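Chemist: The structure under discussion is supplied below as structure tokens; questions concerning it will follow.
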Amino acid sequence: MPTKVPRSEPATEPRKLTAWGITGMLVVLYLMNASDKAVFGLIAQPLSEDLGLSASQIGFTGSMFFLAFSFGGFFAGPINKVLALRWSIAIIAVLWGVVMLPLVVWSTFAVLLASRMLLGLTEGPTSA
């Protein structure tokens, strides 16, 4: 017995604009996310010279970033259930800047490690 499927209304103009706005925000965040990972690899040598870090400390920092990044991806679902997508994207983008601010004041290995781990934790949900 065939059933009738109700017709959906075409998307209204404000909804299309909102969808494209969110898409644009995601593209910018993905670019920033990928750039951050690439730039850290490029500045590893000058960073180690400036802060007096060993190669193993730089490697450990990178590894902890990706561990936190992987763990942070699990929070994408719960975050987006609680918040609207545009708000969760905006909050995550602001958190990226906030977690890196301590490096401006204290340039030590411990602060670099903590900041990169928190950055990984907050970058993870954007790619999940």
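The backbone N, Cα and C atoms fix where each Cβ goes, and this holds for glycine too.
So TrEMBL lists the following for this protein:
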TRANSMEM  17-35  transmembrane segment
DOMAIN    22-128  domain 'Major facilitator superfamily (MFS) profile'
TRANSMEM  55-77  transmembrane segment
TRANSMEM  89-114  transmembrane segment
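Tell me what's around each of these sites.
Modeler: Listed as Cβ neighbours of the transmembrane segment (17-35) (distance under 8 Å, sequence separation of 6 or more from its ends, same chain) are residues 11, 85-86, 89-90, 92-93, 96, 123, 126-127.
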Chemist: Across the domain 'Major facilitator superfamily (MFS) profile' (22-128), what is the average pLDDT of the model, as a whole number?
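Modeler: Average per-residue pLDDT within the domain 'Major facilitator superfamily (MFS) profile' (22-128): 90.
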Chemist: Please give the sequence-distant neighbours of the transmembrane segment (89-114): residues at least 6 beyond its ends with Cβ less than 8 Å from one of its Cβ atoms.
Modeler: 22, 25-26, 29, 32, 47, 50-51, 53, 57, 60-61, 64, 79, 83, 122-123, 125-126
